[in-house]
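Undergrad: This is the structure I want to talk about, given as structure tokens.
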Amino acid sequence: MQIKLPNSIKTCKDSVRDFFTSAKFLIYMGHALSTWGDRMWNFAVAVFLVELYGNSLLLTAVYGLVVAGSVLLLGAIIGDWVDRNPRLKVARTSLLVQNSCVILCGILLMLVFQFKEQLVELYNGWILTTCYILVITIANIANLASTATSITIQRDWVVVVAGQDSSKLADMNATVRIIDQLTNILAPMVVGQIMAFGSHFIGCGFISGWNLCSMCLEYMLLWKVYQKTPALAVKAGQKEQQQELKQLSPPGDLENGQSPEESSQPLMSENSVVAKADSHQENSCCYQVMEPLRTFKAGWVSYYNQNIFFAGMSLAFLYMTVLGFDCITTGYAYTQGLNGSVLSLLMGASAVSGICGTVAFTWVRKKCGLIRTGFISGVAQLSCLMLCVASVFAPGSPFDLTVSPFKDIYTHLIGEKILPEADYSLTTVQAGENTTTAAPTEELPHLQYYMSVSLLFAGVIAARVGLWSFDLTVTQLIQENVIESERGVINGVQNSMNYLLDLLHFIMVILAPNPEAFGLLVIISVSFVAMGHIMYFRFAFKSLGRRLFLCCSPEQKVETVDSPSLPTTV
């Protein structure tokens, strides 16, 4: 006898099944696999390059410069390629190129680790140098392909899957960002443990194997999403072209079985002379050589003409900062006496703070609207960063502008003895006899010595709530207010702007690398963050006017941004 289940139980099971088979969940799974592989590789490649070059940061610095420069120059071109090609082709090609390059790079690194001693002796080490160049080049191609994947999935596919539902789009953006935060912590931990208990050779093999398996699973998930979302099959430009062909074709031709393309041929033959002249110009060698430059210029002009230009610029300005958990802030923390265990806990707290920011974004957006959410997030971030400014002048701060910024380089050149690493974390590095200073531990109590660095990291961690909420706000503004045919190129230029400001912050550190000058870098960083939020305030006030300061209910608010203007023809 078959027992008939209640309708409520069936409904619950169906809801769970529908969720796990929905296009939204499949995108989450594909993004989690892709991000996990990216985080493992980005963490491991830096470690590998340091290990290969004798514990020097030279190869890592070269790799970072090449990656940032490539995205800066090719961001608009990559975005234009995303716009011009079908969505499935773009996702499939970028996925295949990215994972294939990582696999190839991993195999090459395995060979270098295994036969490094033999490679050093061949042709005076030129074979090994060639391997270094190949690793950096292939890894850079993988990063460019990852940029294309990020643009097409996070900036385009997510918008199409969400449809016209702004709340659903906000929830999907927040979930994607939470996945980024979690994988940013867990993936380096996993691959780090594999390399610690195994070897770098095993680490390279694990990453290569992961990307091989992940590539197949990601492709399957993207194909499922593509099948479940028919709107992904046609882009805006293709829709407009089909509508124009239908309008040009006479009704009788459609009745006779002719397609719109066939029926439109006689109309096109009238302008055959002009078409031949244009095709001859486009086929010329000079025209094809200059095509990337025209695409680059057209992309930046189109970005400038967008109504969300100041919103995008405000996000880019937030990259000009040392107030993040990167190698610069970590290195400064080591000079102030913090060990790796404490830093790992602080990084975990930063990730939790970032997740709180993504959750806060969805709640504040429902209460106050999207544009006001960005304004509130900016105020919250700047308020928290005031703690970082206070840390510059707090007890225990090494801030001292009288010390030469090139002191460390000078001591290396003249051959003076540099302090041991154990003493460097507790004392000020000596540049010469005239700049000798006493150890901070002799002048300050133990708690006061750590007051400055504690205020610094308290401000950095607390500011992550506003930072990630603001990032999600600008991301959704770009998604909702850039026309579909320009999403790729606009997001490509946005990535280029982000990398440009990120490069400037590294140059700023190169010009003032000493711990004594880090306080000046903090003040400059907070100034750039403030300028970024001033740009956003201009955008928000232009969009809402005085209504920006009225936190009205969702039913009363009107926060539509004017439709973006078409790009200037170049």
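Cβ from N, Cα, C; glycine included.
According to TrEMBL, the transmembrane segment annotation covers 20-37, 57-82, 94-113, 125-145, 308-334, 340-363, 375-394, 449-467, 517-537. Here TrEMBL flags 244-269 as region 'Disordered'. For 256-269, the entry in TrEMBL reads compositional bias 'Polar residues'.
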Undergrad: Below 8 Å between Cβ atoms, which of the listed ranges 125-145, 340-363, 375-394 makes the most pairs with the transmembrane segment (308-334)?
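TA: Counting Cβ pairs under 8 Å, the winner is 340-363.
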Undergrad: Please give the sequence-distant neighbours of the transmembrane segment (20-37): residues at least 6 beyond its ends with Cβ less than 8 Å from one of its Cβ atoms.
TA: 95, 99, 102, 149, 153-154, 157-158, 161, 168, 172, 175-176, 179-180, 183, 186-187, 207, 210-211, 214, 217-218, 221-222, 224-225, 228-229
Undergrad: Using a threshold of three or more Cβ pairs below 8 Å, and leaving out pairs closer than 6 in sequence, do the transmembrane segment (57-82) and the transmembrane segment (125-145) count as in contact?
TA: yes
Undergrad: Which bits of the chain, at least 6 residues beyond where the transmembrane segment (449-467) starts or stops, bring a Cβ under 8 A of a Cβ in it?
TA: 318, 323-325, 329, 333, 336-338, 346, 349-350, 353-354, 356-357, 360, 377-392, 394-398, 440-441, 522
